[in-house]
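Swiss-Prot lists N106, N140 with the feature N-linked glycosylation site, giving sequence analysis as the kind of evidence. As annotated by Swiss-Prot, transmembrane segment applies to 10-30, 81-101, 118-138, 192-212, 233-253, 334-354.
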Amino acid sequence: MSRVIRSILIILGSVALYTKYYLSFQNGFIDLLSTMGSQGSLAGLQSGLRSHYTGLDPLDRFLKACNVFFWPIFHGTSPALSLYAIAFAGSMIPMWLILLMHTCVNSSIVEIVMINALAGLLVQGIGPGVIMCVLLAMRNTSMKEFAVTGIPAVSILGPNDLPLSLVVCYILPLALSSLPAPASISVPSKQLFIAIWQGWPLYIALAVGIAHSLRNHYRRNRPQQLFRHAYAFALACSIISHVGLLSISFLSVSPQSPFLSLHSADLHPRSLLIPRLPWQEVKITSLESGVLRFLHWDYSISSTGTLLWCYDVYWKDRMRGRGWIAFFSLSSRLATMSLAFGPCSVALALYWAALSNNLMKSENARKR
């Protein structure tokens with residue numbers, strides 16, 4: 001099944017390029033972003049776009065474009081967009097953790113830091129819809145290597161190091177970027193926080209490397225213990241954000257909904273949860289609608305690709321040799337769980353089931 005999954009991932013990456021970038025040129029979204037950038041304006045503000053961040057002109061231009069794109073998400077001009085972005089942000093944690101855990105096979109701590117920093121920056125800069133599918137298509141879905149190595153490179157880390165690095169390097173910058181401006185912070189400061197948040201994959205990779213060096217003389221932990229805390233944390237973030245999105249969206253349909261007066265049409269499940277099909281494209285007239293459409297496809301494709309890849313990992317490890325009945329039975333259960341708890345939550349659970357099984361085999365083999 002691996003060849004089929006790899007082909008599907010490549011197709012999904014191509015679809016992401018088409019829906020996110022090609023159609024964004026066709027429907028006027030890229031032109032709208034460029035116009036706002038050249039005019040120095042932000043969604044909901046006529047001016048105030050910050051131009052200087054680092055002193056490096058290419059990097060400053062990139063961060064300026066990031067602020068134009070992300071401003072309506074963090075500024076809250078569209079409740080539906082901000083709500084969907086929260087669910088997307090929650091799903092990024094299990095996606096990143098899956099990449100990190102799989103990179104740990106036969107890798108030194110330097111390789112782990114460099115690979116995840118580079119991969120994470122590509123995911124943040126281009127989008128997980130394209131990069132996650134490409135990265136996963138390049139990775140082997142076999143767990144045999146885990147049963148041999150037992151992930152020695154990162155076993156020196158403490159069990160709370162990974163969750164703490166996620167909180168400090170990813171969630172904290174997100175929270176600071178979400179502070180209301182100008183009520184709590186100034187508009188330039190909010191833009192600076194948004195710019196700082198763009199580097200979260202690099203910060204996490206560096207935090208892992210620093211934690212490893214500080215614990216160089218510590219007793220090694222069991223790999224299951226190390227990743228169990230990170231797994232539980234990532235799963236909780238993903239489930240809470242997804243269930244929150246579903247709850248508010250479906251509550252908006254009720255006549256007694258507290259969200260009825262708050263853009264209830266935008267919060268309707270049909271508008272908020274289902275991306276507009278490519279042949280239903282319309283001209284983008286507002287930045288908020290363009291960003292939401294962009295995130296729709298980015299989230300849908302990246303989460304689908306991650307789920308399919310983890311499904312293949314789990315099937316190879318736990319279900320090899322089963323027939324079509326087992327395949328369709330498992331697929332139907334996973335589809336239901338994905339709708340209820342989020343596809344990235346289910347993907348992480350599948351991956352952890354296969355990983356923990358092989359780590360336990362590795363530990364038992366070393367004890368003999």
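The first residue you see is number 1, and the count goes up from there.
Heads up, the Cβ atoms here are built off N, Cα and C, so glycines get one too.
Using a 10 Å Cβ-Cβ cutoff, N140 (N-linked glycosylation site) registers 13 neighbours.
The recorded stretches the transmembrane segment (334-354) and the transmembrane segment (118-138) do not share 3+ CB pairs below 8 A when only pairs 6 or more apart in sequence are counted, and are therefore not in contact.
Against the transmembrane segment (10-30), stretch 118-138 shows more Cβ pairs under 8 Å than any other of 81-101, 118-138, 233-253. Classification of N140 (N-linked glycosylation site) by DSSP places it in coil, neither helical nor stranded. Listed by sequence, the residues of this chain that lie at least six past the ends of the transmembrane segment (81-101) yet keep a Cβ under 8 A from its Cβ atoms are 72-74, 112, 116, 119-120, 123, 128, 132, 135, 151, 162, 166, 170, 174, 201, 204, 208, 227, 230-231, 233-235, 237-238, 240-242, 244-245, 248-249, 267, 272, 288, 291-292, 295-296, 298-299, 302-303, 306, 310, 342-345, 347-348, 351, 355.
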